[in-house]
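**Student:** Taken from TrEMBL, the feature transmembrane segment applies to B:12-34, B:70-92, B:104-124, B:154-178, B:199-224, B:262-282. Here TrEMBL flags B:67-280 as domain 'ABC transmembrane type-1'.
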Amino acid sequence: MKLSALAASSAVLFALAAPVAAEPQAEVLHWWTSGGEAKAVGVLQEEFSANGGTWTDMPVAGGGGDAAMTALRARVLSGNAPAAVQLKGPAIQEWYEEGVLADISSVAEAEGWADVLPASIAEHMKCEGHWCAAPVNVHRVDWIWANAEVLAANGIEMPTTWDEFNAAADKLKEAGVIPLAHGGQAWQDATVFEVVALGLLGPDGFKKAFVDLDADTLSSPEMVAVFDQMRKMRGYVDENFPGRDWNLATAMVMNGEAAFQIMGDWAKGEFLAAGKVPGEDFLCESAPGDGYLYNVDSFAMFEVDGDDKKAGQELLAKLIVGPNFQKVFNLNKGSIPVRTDVALDEFDSCAKKSSEDMAAASENGSLLPSYAHGMALRGAQAGAITDVVTAHFNSDMSSEDAVKMLAEAVANSM
Amino acid sequence: MTVWLERNLPRMVLAPSFIAVLIFVYGFIGWTAWVSLTRSKLMPRYEIDGFIQYKRLFASPRWDTAMDNLYIFGGLFICISMVLGLLLAIMLDQRIRIEGALRTIYLYPMALSMIVTGTAWKWIMNPGLGIQEMVRGWGYESFTFDWIVNPDRAIYAVVIAGIWQSSGFVMALFLAGLRSVDGEIIKAAQVDGIPTWRIYTAIIIPSMAPIFLSAFIVLAHLAIKAFDLVIALTGGGPGYATDLPATYMYAMAFSRGDLGQAASSAMVMMAVVFAIVVPYLYSELRAKPHD
């Protein structure tokens, strides 16, 4: 009796464990664990299962991805990398140089990625000419968000130059409103800095300074002007800003305590979640000056063994760039699709503007990677610049000293 | 057989932990030293490339700030905790009534994790939420206590939170020390009519020298490895004004993908620890010669 029960149960177990021919499998390492993000990644998970794949979720939260990178290092060192990892910018090429990334050119070519992705963004997804990563979304970084009511009450238009911004901010300060909502964390300081730098240096100057790390541009008088403007920005921030999280700063704009915030379009998610309407309750406008700073999330594909895992990886890459996922994911996340051929009917006005500006910027070559969000430079160089920016912003250092320090820090980080 | 076992049992029992320590402590110290001589970025590489990482380290203004902060934080944290702990211990030693309850109250902060201490003090010292706002609410409009947001003062804010956490523990150490002083000597001194403060400075405190050393070593290692307190309290900010060597190393290793640089900073931290521990070991070993 006992024996037959044992036999029956082991037969069931065996049936469950029996291998199905090359069923697509993918283990995905990411750090999208909070509300809207988790929902967005759930969309991908469902679509992957609907196509017959087995998804192994490996979410590692904490430290803005630092914890996930530590986990990744351990997995790669033990020779057992996940199939896809949330990575972005030059970090993809950095991992490629460690010799652990896979080639997914066959999927990319079959799906015609080159025709639907903006050229400068597609470049980030390639390792020495072949495709090694799949882009998920485009966040624009150079936005100014404003409380419509506060601006109207003080007779202020959205600024189109930095002089106008300064004039508006001075007026607001006199009226007792905090002109700029800002959180004193290094990455937020760097975000404001790069937006100011794009405005004052122009797209070409920005590219030379923060993509090519051109020493002359980094120590030019224009860069001194950028730090001068940062000093002014410091005066527009309230005194409690150190350590404040970005979403608390967004809340200050929302409830009228502050007028403006300079932040990427993830801030839009906060406004929308609070039931605010773009164009009525809050305004979104690109920051003064030309150009478009993008922050593109992507999944890098790691070398895996076994047909099922390879099939899973290819299916995943295909789905990520597929039009359906691009639309649903980005509606959840607040960003815009990286594909230029997705209909934007369901998106809000800010997203539509972002998409139009991206197409225009891609045409005239001013579509640029964000340095503050790890798209333009490797960690060591970007970190060295941020150290100087945040040290200047949080002290009374002169702009000339800051520029000198900037050139030295960049040279020392190589 | 029994004799052999008797002689070798301690060695056999100690061997596994000895081997584990050998590999996981000293082996990895060696590994870190090796990596600190390479140009390792994201992943460790093993081609030795001289002292480039140390040159970069000492050229970095952020590292200078981190080391200065370690001296300021370490110095003030250790000294003030010891003085405060000693004073509290002497007060409690006056045979007061609810000594047990008071001792527990002072000792309790030690039971909290540094993360909790840091978060609580972050709110207490925030100018818009904490002490400053409260005192201003009482009508003293010009009162300012903005250390935590002031880059020149922020490290002292960290010191305050650290002292709050540790002085109770130091008090407990000293209290035990005070109680272990021979009561006969104190009574003899009292009979001779020596004032109480003289009894403390001339008899009790000098006889507690070993306790001072223990307290110093405990506090010194807390100061050098301080990491969670800074992360919770200021996140290293404003800017990098409250960076400590440990937070610097973490940033390089885990945020920036600069393992070589992180390894070199770890080696320098270890050198600082050795500078404190070696004299201590030396004095300990000399004081109690074996055989």
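Positions of Cβ are set from backbone N, Cα and C atoms, glycine also.
Bear in mind that TrEMBL entries carry predicted annotations, made automatically and left uncurated.
A description of the local structural setting of each listed feature is requested, covering burial, neighbours and distances.
**Tutor:** Taking Cβ pairs closer than 8 Å, the transmembrane segment (B:12-34) reaches residues 46, 48, 263, 266-267, 270 in its own chain, all 6 or more past its ends.
Outside the transmembrane segment (B:104-124) by six or more residues, the chain places 88, 92, 130-131, 148, 157, 160-161, 164-169, 171-172, 226, 228-234 with a CB less than 8 A from a CB of the stretch.
Cβ atoms under 8 Å from those of the transmembrane segment (B:154-178) belong to residues 69, 72-73, 76-77, 80-82, 84-86, 88-90, 92-93, 103, 106-110, 112, 114, 117-118, 121, 125, 147-148, 204, 208, 211, 214-215, 218-219, 222-223, 226, 229-230, 233-234, 237-238, 241-242 of the same chain, restricted to positions at least 6 beyond its ends.
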